[in-house]
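See structure below.
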Amino acid sequence: MWEQMKKRVKQLFSSPSEDKRYNQRSTVDKQQEVYTRMAYQYPTERTFTVPDLSDQLERPSLHFEKRRHRQQNEIQDKRVEDKEDIKLTSEIKGKPFHLSEVASPIFGYRDRSQSTLEIDGVPAYLRKNKSRSEQRNTLLQTVDSAIMSENHEKSQNTNNTPKEARKSVRGHHRHVTPLPDRTPTQTDADHQTVRKKKQERQFSLPKNIDVQEQKLQEAILLNQSKNKQLPYNVMMRPNSRRGVQTQSSPPPKREGQVSEIDTDTEVETVPRSEQTPLHLLNDPVQVSLADDTWVEKQTELLNSTLQHFHVKAKVVRAIKGPAVTRFEVQPDLGVKVSKIKNLSDDIKLNLAAKDIRMEAPIPGKNAIGIEVPNPEALPVGLYEIIHSTAFQEDASPLTVALGLDIAGQPIVTNLKKMPHGLIAGATGSGKSVCINTILISLLYKANYEQVKFLLIDPKMVELAPYNDLPHLVSPVITDTKAATAALKWAVNEMEERYEKFVQEGVRDIERYNQKIEKQGRANEHLPYLVIVIDELADLMMVSPQDVEDAICRIAQKARACGIHLLLATQRPSVDVITGLIKANIPTRIAFSVSSQVDSRTIIDASGADKLLGKGDMLFLENGAGQSKRIQGAFVSDDEIERVTSHVKKIAPPNYLFEQTELLKQIDMEEEEDILFPEAVQFVTEQDAASSSLLQRRFKIGYNRAARLIDSMEQFGIVSTQNGSKKRDILMNREQINTFLMDRK
């Protein structure tokens, strides 16, 4: 090391000739040791030109000036943005803590399955109302926060930030939703600027809208941009995610178009053509009908019972329904059906059943049906029947939902096919629920211009929720005298409709309405009329002859003119359901009754005394030779209230008459006698008034003659009685004639 330093010092002070000789000597030595090779390589770059330093020193570079100016602008903009971010973060720090949504590694920001989280145990109408209320509250909070933040920004940024910078920053925070977990780049900023301009162009507000409406519209746009759900894949690239957001942006809003939030919150204004939504009904109970252990056990018991009684038969099939299970027993050749039917009590004992019902034989099968009640009956809701294909595909406005049969299939009928129905059963068996089911299904199927209701409810409480419906021709009638007058009005309506059919040359209401529509006379359209009487026994007790005559006339003739009758009674005796009424009402529904006599009164056969109650019915349809067992659908009071309140918002009621008018008309008919005008003229001519005089002249009894004299006294025609003296006539002939003309 020391020797090398010496050599370096000597080289510094040595002469240049020695250095040259040393260099030549070293190069010669090196050249003798190095082996060289020749390689050719063309230049890949352009020729280098030496810059003229004198020109560059004399004038400054223009490129350098532009670059320095751009850097200064960027620094200034960055300072403005930093100040604005500091203010926003300070405002956010002052607000209370709110939970933020974190992306799930499986679902992302997408909502999870509703069936496992929210649907269980929550009815559809509650979920609908909850979502609407949350959306309304979110919108109000967004409007308030947007107005307060904008006012706060105006007060703080007036002296610190230029106007253009404030507008750009505020517009940026208003329209652009930052993507999580990534840093913005220059391309992202360009895309955000383009998207912001596009949204401003699509959602541009007119100039004549005031400031509050403009702020509300901006809050709605902000709420829509925030409520957008991110894609399913959380790990996707930023560019792909931005593309999905651009595609999912809302379409341009036209003039006069209402936003989605407004249409959801405005529930009170319902269009006429809109159908009643299904979410107003309760959700169906999802319970499996398969209970193999119980069914297998009952099958073994039934087979062993038949073997013990030496009956050659066996169970070939078991069908479990909502309330009962039907075991199909197939006997061998030579076994009488009566032999199995006589064992009903023994089978009931061995199966330990509450009650059994035999259908021997099953129509269309070579088997006998033994119906055994289930350990637990499943509730049948109206939702699953109205939602079924059979109900939805039927285009008739008179489609009616009844319930489920033994196999669990929905049973739907039509009032045109009925065309009149008799519903009878003991108290609490389900008659009123069946009537409510029929009315609610008609409200779901028919418009108020297609079907009208005439409801008669002597109980005063069963049909009260249907008041003020646009389908009613009058309020629900609760008085028995007014009900009799309403039935007479229906008879007159039937006669008037047939007179119109004769004038138009048609046979039924369908052809009449088709002809009216073709001719453009829509105001002469005739709707269907459904008359519902909840308790027939009360009407038959008040005026049996008038009620029976009106019901029979309607049942005999009113089918073709579109008038249908539904009668319900809890006393199925012969004095209430007479033979004339039964002969004219072919469709009958029998609920649980106490005896076979009542069952035969309703459906002309036994079997209703074996029913379980609570909606268990036998349905005998028009033209069917045998009845069908059905578990009727149940409609709660809350469901009825929700559906009727929705229908009441569609249109106001348009009554043709009211109950008070019918009562006044009845009182006038009872008070005024046919002989009253003739009796007044006779008394005026004779100048004397007495009951005996009217008895001899008109050949009537004393009571009627006394009522005529009392009516004259009430109207001031004759004086009051003064002992044994005769009554005085208080009006002359001119006044009497004027009085009689006014009464006409």
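If you go along the chain as it appears here, the first residue is 1 and each next one adds 1.
Cβ atoms here come from the backbone N, Cα and C positions, even for glycine.
According to TrEMBL:
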BINDING   GLY425, ALA426, THR427, GLY428, SER429, GLY430, LYS431, SER432  ATP binding site
COMPBIAS  17-29  compositional bias 'Basic and acidic residues'
DOMAIN    408-600  domain 'FtsK'
REGION    1-29  region 'Disordered'
REGION    148-202  region 'Disordered'
REGION    238-264  region 'Disordered'
Which of THR427, SER429, all binding-site residues, has a Cβ with the fewest other Cβ atoms inside 10 Å: THR427
Least surrounded among the binding-site residues, given as GLY425, GLY428, GLY430, when other CB atoms within 10 Å are counted: GLY428
Shell of the ATP site beyond GLY425, ALA426, THR427, GLY428, SER429, GLY430, LYS431, SER432, same chain only (C-beta within 8 angstroms of their C-beta centre): GLN570, PHE591, SER592, GLY613
Other C-beta atoms that fall within 10 angstroms of the C-beta of ALA426 (ATP binding site): 20
Average pLDDT across the domain 'FtsK' (408-600), rounded to a whole number: 90
SER432 (ATP binding site) CB neighbourhood, other CB atoms within 10 A: 19
